[in-house]
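Data first, discussion second: the structure below is written as structure tokens.
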Amino acid sequence: MGDCYFLGALSVLATRRDLLLPLFVSARPSLGFYQCKFFKNGQWTIVTVDDRLPVNAQGKLVFAHCRDLNEFWVPIIEKAYAKLHGYYEAIESGSISAALMDLTGEASQSFDFNQGEGLDLIRSGKMWELLQQFEKEQYLMGCSCKKGGIETDTGKGILGNHAYSVLQCVQVSAKDRLLRIRNPWGCKEWTGRWSDGSKEWTTALKKKLNFEFGDDGTFFMCFEDFVDQYDNLFVCRLLTDAVGHVFQHLMFEHEWNKQSAGGCSNHDTWRNNDQWAITVPKKTDMFICLMQPDQRMLQGKEDYSASIGFNLFAADNSRKLATPDPGKIAQKCNYSPSRDVAAWVTVNPGDYVLSPTTFKPGQTMPYYLHIFSFHPVEVDLIGDGPGNAAAFAKGKWSGKTSGGCFNHQTWINNPKYLLKFGKTGTIDVEINLIQGPKATCFVGLYIFGGYQDGKGLAQNQCVKQLQCTNKNEISVSVQMPTQGGDYVIMPVTFKPGETNEFDLLIQTKEKVTLFELEGNMQALRSNKVPEVSSKNTKKPAGYAIVARQGNKAKDAGKDLSMHTPSPASPRTAPAPQGKTTMMAPARASPSPAPKPAPATKPSVASPPAPKPAKPAPPTAKSSVASSPAPKPAPKPTPKPYVPPAKAGGGGTSISLHSNQKGDVILSFGGSKKPKQNTTTIYHCGGCGTQIAKGAAKCSRCGVKLKK
């Protein structure tokens, strides 16, 4: 029967009577029954068997037996192991590491010599050092070869897909590093260098190693041949036995259910997974092992459809992580379709978050977590809710509270949350927006700065904007200066009227409070325009200001230009019709007399528009209108339109336009005489953001711009 992996584990265990004898909980030979215990799915299980063993027609034991036929402990424990899984055939084929864990209750680990950590250790020359350390700690070790067919000779006596036990590692000279290995069959040995009878052996060395030649299944081979002939090393780390330092051992049983089976970090649902907070008071070694239910017990064969793994993150606190930051991974364990995965890590004092997951989301099952630590650590499951974030709120978009994005007049109706900080300075904050179980909406996030109680919000107060996406979760990390006032967080849907629930989480080290702003709020005009830097006290000619003029587009495309005279030839502007309030320089305000206006926020009176030619039809894609210009001369870089100066020169032209959205664009262009530097500043008609000349779209709200 193909249970050499189990017999290999038993042969290793036979070298430690302190580990072997406790497996027999009770033995009554006179009554013909025995009780054995095995560690399965996070707990010890006792199995009772009788002494009736299967034999062939000749009366010989069919399955495992000891070399001394008067000893029966091997077939008895093999029968108990088979009964635990249902029948003998159910224990065919397996790994030594799994069997060692079943027999000891200690965590096991495997190293693949062809990839990952195992290959890295070989290439770096650290594998031999690690083997010596394992032997010093009296860890239990085994190995196997994947080459060839099942238990067939690969060429030099090593059987393919067959498990062996590693009994000893010894360095006999500066260049000779040897391993003592045993075939659990008790025969069929290695025939290469350092095999029985090879030229490398001397009488003195045989005596030193207490080794005799013989077909007993035990042989030596050098380290170079070991990593060449075998593919896997299995190690059972005995961290709680009496040898060496006794580690703290913490065991946890939990489950991946419909809500918590979020899958690996490739998926938006990653945050739904369980997260475990680990507090490390002092620098320590930790060994972490993650297990899934034993499929051999459930279906009679070791077939794992779910790959499992975990990541250990360095954290600033013991709150649940919203996103898996690769830069904060302290240790990762690659995903594998096996019963258990494990990793060893040395960690400094601090807070850590452990995230055990399946590779794919939606794979529900129990799982078992073992954490061994040299120094004591604290481990707690992080729950969901307000206690695990600096601030937390649950809300929903529905009816009037689903106002849509900035493209719509109703954006101000979205849910709004006031964020206040308990200290001044610049605060690092992570904000996470998680929509309901079904990510049916395109959602985004607006962060407004400089909020004052009782005041409304303007689009140009939005200091950070996350574009709408149909992901389950979006997040952003920002630095928030608190000197300018409080902040308002606004979760939005792309379209008005969309409905869904959401969670809003604020992560930061500092104390914060989060309040929902209830009631109606006014959407203010975008009346804060960035100042244009200049060495002079006056603004340079040739810059533009955009102001929102309601939501009407009836004047879109009309020429509302006017010209202010130079000081040498004053003119009186025509009587205005209607007013549009905006942030404008004092000298840009037309008035009936040449007397300069005060340097305050004036009301710019719009003159009556001259009877224009048939206006150009509005362009749907345009959100910023510009002054009409005559047919330009062929120049490599187009310049803003500057009307001719009147007598005396030095005049300033004012070009005023209204686009389809009702944005008023006020442009100031200096004349050619006297010469002046000219600068044009463009602002998006949708959100008021300053934009580069010739930009295809606004970098903040994404509105396409007309060239």
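Using the three backbone atoms N, Cα and C, a Cβ is placed for every residue, glycine included.
Sequence annotations record features per position, and here TrEMBL assigns active site to CYS4 (among others).
Taken residue by residue with DSSP, HIS162 (active site) is part of a strand. What TrEMBL records for HIS162 (among others) is active site.
TrEMBL lists ASN183 (among others) with the feature active site. Long-range neighbours of ASN183 (active site) (same chain, six or more residues apart, CB within less than 8 Å of its CB): LEU159, HIS162, TYR164, GLU189, GLY217, THR218, PHE219. According to DSSP, ASN183 (active site) is assigned to coil rather than to any helix or strand.
The compositional bias 'Low complexity' feature in TrEMBL is assigned to 564-576 (among others).
Sequence annotations record features per position, and here TrEMBL assigns compositional bias 'Pro residues' to 591-618 (among others).
Per TrEMBL, the feature compositional bias 'Low complexity' maps to 619-628 (among others).
If you look up TrEMBL, you'll see 629-643 (among others) marked as compositional bias 'Pro residues'.
Residues annotated as domain 'Calpain catalytic' in TrEMBL: 1-239.
According to TrEMBL, the feature region 'Disordered' maps to 554-658.
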Using a 10 Å cut-off, grab the number of neighbouring Cβ atoms around the Cβ of CYS4 (active site), all chains included. 26
Restricting to the domain 'Calpain catalytic' (1-239), what is the model's mean pLDDT? 88
